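Comments concern the structure below.
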Amino acid sequence: MSDVTDATTGKAAPTPDDGLRIADSNDGGPVLAADGTPLKKSLSRTLRRQKMRALLLIAPLLIFVLVTFIVPIVSMLLRSVDNTIVPNTLPQTVSVISEWDPTASDLPDEPVYEALYYDLFLASEAKEHTKLGTRLNYEQTGLSSQFRSVGRDLDEIGEDQIDALEDLAEDTWDNEAFWFDLMRGGENAENTDQDVLDRARARLRALTGDAFTGGTGFLPGAEISALLPRTAYEYASFAVFTAIAEEDVVAEEEPWESVKIALIQELQAGADVASYNGFGAEELRAAQDMLADQPQPTFKEAFLEIDQGWGNPQTWKTLYVYKSPYTSGYFLNAADYQLGFDGVEARPENQQIYIKLFMRTLYMSLIITGSCILLGYPVAWILANLPLRTANVLMILVLLPFWTSLLVRTSAWKVLLQQQGVINEILVWLGFVDDANRLILMNNATGTIIAMTHILLPFMILPLYSVMKTIPPSYLRAAKSLGATNVTAFWRVYFPQSVPGIGAGSILVFILSIGYYITPEIVGGTDGVFISNRIAYHISSSLNWGLAAALGTILLVVVLVLYWCYDRIVGIDNVKLGG
Amino acid sequence: MTDQDDGYTVTIPRPPLTGFTLPLTAVLGAMFGFVAGNVYGQPWLGALVGAVIGAGIAALAHQMSGQRTQTRWGIIVAFAVAGFLAGGLGAAISGVIIGAVLSWFAYWLDTGDYRKNVPIYYTPGQVLWHNTFLFICGFVFFFLIAPLIPVMWLSFNAENFFTFTPEMLNFQAEGYSLKHYRDFLGTDEWMTPLKNSLIIAPFATFISVSLGTLAAIGLSQSHVPGRQAIMAILISPMIVPLIISATGMFFFYAPLGNWLEANLGLDQAFVGYVKVILAHAALGVPFVIITVTATLVGFDRSLTRASANMGANPVTTFFRVQMPLILPGVISGGLFAFITSFDEVVVVLFVGSAQQQTLPWQMFTGLREQISPTILAAATILVTISILLLTTVELLRRRSERLRGLSPG
């Protein structure tokens, strides 16, 4: 158990900057090196080269750790405030809803529902609307099913108008080839509108996260896209999705209902079809004439018909509150608050679990740390004061559990603590415990505390031991010879000198225990679990990753603060491993 | 602690029988009697009988102080026979233990050995505290080691239970079998995870050791700009709780893996292994850095200068001069990195897929669902491996200290 300290403290040999100082202090002319350059210059060149060499040696590992470890941690931190799924899935709705004043009216007006229709139509084609539903369901229960049902029934909106349009002429508005030619402005359109296609790509890229590069076999005509901008945009989105995500030929697929609805809306709004004379001008004019007699598609009404939830002001307030790409919602949730419409408010009583869980984690970690000190201090003392040969043999008893797999030790405690386990069996056999009233040692806080104290005890003993090893036993004898009683000598002389060891061991044990996952998961039941078990639950079961990231961030901050204290007390370089 | 070799010896006076040894041994006997009597529902009667037997042993020890070994064996055999008659082989073994403890205790008191390690001027209270303290320490050592013993014992269970059967406690041959070891070694359910562990851990160790050793050498140079910051970054995988590392890696490696599969056309299983290996290598880095920098503290820099002086280039110097000297540190850092990866379950649970299921993962799911005591066979094998690793690290550490001129332990 040697003293292992900072790698730089062993420098007794002269270093290049000693020379620099000598050169500085020299009042005469410049001292020259052997090759005639001034010594100062030559030395600083050497120093620079040495620094470069050291950095070059460190660089591969530093880059490796940055990429495989630091970047993932930072990405987790970002995820805890990330809310881009809302503006990415509902870009038009988000920009329109900003103009809505939730205090003035319960429900937003038609334009918001209209934007929601176009956003959701594309999202449901790309099967992204359920993800948004799941996301918003964390903030308001019931939104998940609301989004799913609306995704199913979106194509029924404006059915009458679409039927009327398709009945107008045979093989026209229900013909995929006609649509294709119409939108590219005829077979050999001279002017094309690349811009609308790029916007469609960007829209899908934001929605799905895929690259959406590659050929579509479709170029929108400039004239038609100037005449019917929304139709062109919707058709371009349809074309990009069909060609790239579904790998079909655009000309052979009938466009979505949303494209037809866009056309109907724009024709009814009085698009200047009369002055257009490209491909399909006749059909467009006929359609506009016919549609003049048709009612306009009503989105608000249709949405309310699909699911009453869209008439609930709370739904819209939630959407309004969570429209921005970044949110503090997850952090507030992690502290049992929520982002209400009127600002931050406490969660309902029955949903407040995280503060309790954090407090329990801290409280149980403190108990574990305390029991480790109680058990570890005498052992460290005896190891430090016994003759070296005996101490080394006893040290094996500390190091063996330290080296044994965590799973092995946890399974050992499961074997010991369960109701049919070794401890209960022995107590029943000896008659101290009735067979019917076996002790419940596992699946509660007791089990977690016992097992984790055992598992973390070596982390307390080893730093304590290395500190106590440095306290000369003669101090204690001197105190006694000066008349101190045993208790006084220990309390006034020995104990103060061992406090750094207690500090180091405690912080180490505390840091380790507040992040523990495996042992509480197996022996902790429901009362003995830590915050980390909740994080794991959100990652693998509830899939609320944002909340998991927020909880993880809070835990990380706590650990880093403790680590900073550890560094102040002990120094990172003094971390010792098994000896 | 006192020195025994201080030039003169002190004869410890033999304590009185009736006022000291006899009552104390009787109290211990009463405790054993209470526990044994409780089995039959008669704790107080048992305590009384125990006290009488204890007193008898104390008197016997006082009389037969010359023939310590023979008397103790006699007492032990007597207890064993009594136990066997009362409750078979299991009780006989309890009898051996009780007999050994009682007879040792009687002689320990009677010969004055209980004062052997304390200064002669200690008051009885101080002697009592000293021995109580030793007892407490013994209890903590017991607490550290004892939990591992039932695991090893139960791994030879003939039944599929997590608990002892009456046959096991009576040491009957039919209570024991190697079937859990056969299950461990003979089924894919356990051999595939073992194979995965043995693929992942060495690769992860190789990455962390090779990069870590280079970086440790760089860090131990005298002029490193931003040394503290670099050190903090390199040590961070050890500081950050595993669940947070796992969460971060989960978010980062899943899309990375998808990207690798989609853009480089790599096999899904291969990408899975790469992800887990990279994650484990990052976790192993701090251990390599810490042990190797610690070894480099004692490294004599003039050796590399001497080697350069004699015409060796830096690469030759590194492999022929520096490496052999820091090798113990590198190996023990490597062992730490290996055991970190071999024992790791949280990160692999989050980053890996079912194809990369490792041994700890399999144990973890087994423990959660409590499938079979095969876990205990696996645990016993792992304990054996850790004993081997511990021995290796200890030997290396001593060798390294010897090489550095520090006192050998």
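Keep in mind that glycine also has a Cβ here, set from the backbone N, Cα and C atoms.
TrEMBL: automatically predicted annotations, no manual curation.
Bear in mind that the values here come from a model prediction, so they are computed numbers and not experimental data.
Under the heading transmembrane segment, TrEMBL lists B:20-37, B:44-61, B:73-106, B:127-153, B:198-217, B:229-253, B:273-299, B:325-351, B:371-396. The domain 'ABC transmembrane type-1' annotation in TrEMBL covers B:194-394.
For the transmembrane segment (B:273-299), the residues of the chain that approach it from at least six positions outside its boundaries are 199-201, 203-205, 207-209, 211-213, 215-217, 219-220, 231, 234-239, 242, 245, 249, 253, 256-257, 260, 266, 322, 325-326, 328-330, 332-334, 336-338, 340-341, 344, 347-348, 351-352, 356, 358, 400, 403-406, judged by C-beta separation under 8 angstroms. At the 8 Å Cβ threshold, with sequence separation of at least 6, the transmembrane segment (B:371-396) comes into contact with the transmembrane segment (B:127-153) through 3 or more pairs.
Distant neighbours of the transmembrane segment (B:44-61): 17, 21-38, 71, 75, 102-103, 106-107, 109-110; these residues of the same chain sit at least 6 beyond its ends, with a Cβ under 8 Å from one of its Cβ atoms.
Sequence-distant contacts of the transmembrane segment (B:325-351) (same chain, at least 6 residues past either end, Cβ-Cβ under 8 Å): 197, 200-202, 204-205, 208-209, 212-213, 242-243, 245-247, 249-250, 253-254, 275-276, 279-281, 283-285, 287-292, 294-296, 299, 303, 358-361, 363-364, 386, 389, 392-393, 396-397, 399-400, 403.
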